[in-house]
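**Student:** Taken from Swiss-Prot, the feature active site, nucleophile applies to 333, supported by sequence analysis. Annotated active site per Swiss-Prot: 430, in sequence order, evidence recorded as sequence analysis. The domain 'GATase cobBQ-type' feature in Swiss-Prot is assigned to 251-438; the stated evidence is sequence analysis.
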């Protein structure tokens, strides 16, 4: 019989994703066939699963931790925010439609069937399935029709472990308050709790553990400190991105403006792992640093809206000055589209039908089209003459004079563009910098020739270290019962 557990949180960003990844790797190290599952995720950081279709990149990472191919069934409902109130809905890897918050609440009961079907698909042949909730089950205003937390757990009969984040303060109130506010049907699904992100002497919190157990009746399954290995894994979403800071003496400064609907920003994690690179995320209200040698425009879930926001920040002027100073610019996917002369959306796929002026840094034009390209891709760098791997997730077609100088070929067709002076380049290929050989060639073009890290190997090692850290601090009896 397949074992199951679901990690839910007292709030968002309490560390569920990392804990699930670590437990998945730990089970794998113990020889178990384990798979991750997240019924509903909200993120513009998407991956192309090995069986085709989009899932959250967190679930892609968790599949890597399990040592199994990623599948659309690992994240059957993915919400990709396009505005403050609306999202694109991906169901089992495919576009289902778009909806604003209130409309989506009405849609959720229709999606439960797909969620349960995907869960059954994953359970087949697995020793263990580790499920990750979303947000908090204490958001009882969202309980009706819920598919992300207790609504799923009660229907699928999956025991729940509640995760509380002590670093943000108030963890006792968060756990006890969750117990108090949940209906009895949901409370009885919870088998225990984990305190996450602890700093300092754990013995000082012994009375806190006693108080939580006294008020809730739940046992503690362990106190998890700040995990060193977690810092070597890609952050899941822009909430984590806002807190990222990097103090580096790297010789090469690379700037990435944080767009409102930034997507797939884990494209840049391989660059951040390089000792010779000082990767700077530029927040709204900050200028692009004048001493950056390279500026990379990231992907976006709303190219036209983010282009307007970019101008509102004055980053368009910063980019023009950067190029005049001899700096280089790379655009990835939506960032590539912004670099051109125009972006047209005649069907209103991102909002009202319109055509807007681009940054004019590449002689190209883009028109949005309803057919979405979603695929893993083998590619070839024309600039450095080397094989690449990556993935595509985009709407629209791009053409123009600079496309006659393509950056890559993808599946044998030309992709991207390079300016006449060679200073500006764009491509639709995500995952470009994850290719170690390409990253080394790029750094060498800036005079950095001291080698690069093996990025995939570094992530695998971080997952191993994470698993061992968790094994040393979590309750042994609980782990034995879970993993066997």
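Cβ atoms are placed via backbone N, Cα and C, with glycine included.
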**Student:** Need the DSSP three-state call for residue 430 (active site) to compare against my parser.
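**Tutor:** Its secondary structure by DSSP: strand.
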**Student:** Take the C-alpha atoms of residue 430 (active site) and residue 333 (active site, nucleophile) and report the distance between them in angstrom, rounded.
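**Tutor:** So the Cα of residue 333 (active site, nucleophile) lies 7 Å away from that of residue 430 (active site).
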**Student:** Run through the Cβ atoms and count how many others sit within 10 Å of the one on residue 333 (active site, nucleophile).
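**Tutor:** A count of 27.
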**Student:** Which number gives the other C-beta atoms within 10 angstroms of the C-beta of residue 430 (active site), all protein chains shown included?
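**Tutor:** Counting Cβ neighbours of residue 430 (active site) within 10 Å gives 26.
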**Student:** When the pLDDT values for the domain 'GATase cobBQ-type' (251-438) are averaged, what is the result?
**Tutor:** 97
